Amino acid sequence: MVFNHQNILLISFLLTITTTLTYVKASEESNIISRFQQYLQTRTDHPTPNYTQSTNFLTTQANSLSLQSQTIEFVSGKPLILLKWTGTNSNLPSIMLYSHTDVVPAEHDKWDHHPFEAHVDDEGRIYARGSQDMKCVGMQYLEAVRNLKGWDFQPKRTVYLVFAPDEEVGGHDGAEKFSLSKVFQELNVGVVLDEGLASPDEHYRAFYGERSPWWLVIKAVGAPGHGSKLYDNSAMENLWKSIENIQRYRASQFDLIKAGLKADGDVVSINMAFLKAGTPSPTGFVMNLQPSEAEAGFDIRVPPTADTKSLERRIAEEWAPTSRNMSFTFKEKISVHDASGKPVFTKTDSSNPWWALLKNAVEEAGGKIRKPEVFPASTDGRFFRNLGLPTIGFSPMANTPILLHDHNEYLHKSEYLKGIKIYESIIKAYASFDEHGRDARSKDEL
Ligand SMILES: *[C@@H]1O[C@H](CO)[C@@H](O)[C@H](O)[C@H]1NC(C)=O
Ligand SMILES: *[C@@H]1O[C@H](CO)[C@@H](O)[C@H](O)[C@H]1NC(C)=O
Ligand SMILES: [Zn+2]
């Protein structure tokens, strides 16, 4: 290239544009991160979440995006924020982008940075309680909507953004009451997106169902006796036999994961939560007495695909058999079936177009997604699946250690920004999808 006058002018013109674009991009980025930080700084931690703060913040965001907003309290002091982006064809079932505003408590002294400061370190990690579970997702929905609106995208389907309270304490005063409400019915929801989990590798994870908690307490009785005497059928011996049996079953399930044959959510997990036995004395326990009663409690998690009849038989015949003077109760037993007796999970085959749409949208935005899994614990998604609605658990966090409920929960800035692009792609695909027939069918089948 010859450096004549014109060329030099052209080059300096181009340089100015590039610098300006870089500058605009950087300041846009810092605004995005700053909004995320503001949401993370709201003190919605249990046991006393301040929902006034999150409600104020979210309604301000909604106003700045010209989204209709409504604050609903099914239980006083526990607001659910419902935002609406009206579609051009309101006859089509709507899209619901769901998140919860509350977070679990944090032990400040175990953190490197204050859990509600949302400190960004030199590497770009944003430290805060809720950075993974799940203020990231709620805020990414809003940022994606902001960008789509900025590009004049018109949704065909109405898009709802829901920010619910109380997920971390069971969701009964938030998601559950909402899912059973007239308000919800009138939204004519066709598909729900809720939370997933971070993924340590480059593949995003998605969840089509979740395990149901069965909290089992088994109790043994037996003749009491002197601590020095060997005799059969003491309460302790009876309980001990069950514990051995349960441990063998636990190992067999764990082996399936260790061998790579099954994912965490696909096996029955069982862990001992308590052991209660012994005769108290002023110094601890009476040591020369075999007690007449002994109890143990177990947290069992059952996948929707499990053979529950055989598990129930196992409990009655092997873990707490009456022949060994044992009995059992459940402190909690959530059915893996819905009211009509079908296992509660969202199909990910060709009968459910929402799965294929999500997968393609993620891939179009440059993401990779793993085979869908069963969520190992519980989320609010179950309340919507119970209604037969396709519900996919998805939190776009790849290359990220799973730190939900842990100390030093963080999300890297670049993963957060990438997630916004992913949601732009998903919302675009979902809100544009318009095949009346298929909608009706997918709902019937689920
Ligand atoms: C909750 O937050 C609001 C708004 O920041 C504040 O005025 C109020 O005092 C807080 N409530 C409690 C109990 O801390
Ligand atoms: C069950 O309890 C009864 C009454 O205490 C006792 O006679 C019997 O031996 C016990 N049987 C077993 C298997 O523990
Ligand atoms: Zn969560």
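Note that the numbers count up from 1, one per residue, in the order the chain is shown.
Cβ atoms are placed via backbone N, Cα and C, with glycine included.
If you check TrEMBL, you get these features:
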ACT_SITE  ASP102  active site
ACT_SITE  GLU167  active site, proton acceptor
BINDING   HIS100, ASP133, GLU195  Zn(2+) 1 binding site
BINDING   ASP133, GLU168, HIS405  Zn(2+) 2 binding site
DOMAIN    208-318  domain 'Peptidase M20 dimerisation'
SIGNAL    1-26  signal peptide
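Feature map: TrEMBL annotations on the structure.
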residue : record                : contacts (Cβ under 8 Å, 6+ apart)
HIS100  : Zn(2+) 1 binding site : MET134, GLY138, PHE163, ALA164, PRO165, ASP166, GLU167, GLU168, GLY171, GLY174, ALA175, GLU195, ASP380
ASP102  : active site           : THR44, ASP45, HIS46, PRO49, TYR51, PRO165, ASP166, GLU167, GLU168, VAL169
ASP133  : Zn(2+) 1 binding site : VAL103, VAL104, GLU195, SER395, LEU404, HIS405, GLU409
DSSP on ASP133 (Zn(2+) 1 binding site), three-state: which is it? coil
Less than 6 Å between Cβ and the nearest atom of ligand 3 is the rule; apply it to the recorded positions ASP102, ASP133, GLU168, GLU195, HIS405. ASP133, GLU195
Across the domain 'Peptidase M20 dimerisation' (208-318), average pLDDT on the 0 to 100 scale: 96
All-chain count of other Cβ atoms within 10 Å of HIS405 (Zn(2+) 2 binding site): 15
Excluding ASP133, GLU168, HIS405 themselves, which residues in that chain have a Cβ inside 8 Å of the centre of the Cβ atoms defining the Zn(2+) 2 site? VAL103, VAL104, GLY130, MET134, GLU167, LEU404
Which residues, same chain and not among HIS100, ASP133, GLU195, have a CB within 8 angstroms of the centroid of the CB atoms at the recorded Zn(2+) 1 site? SER99, MET134, VAL137, GLU167, GLU168, ASP194, THR379, ASP380, SER395, LEU404
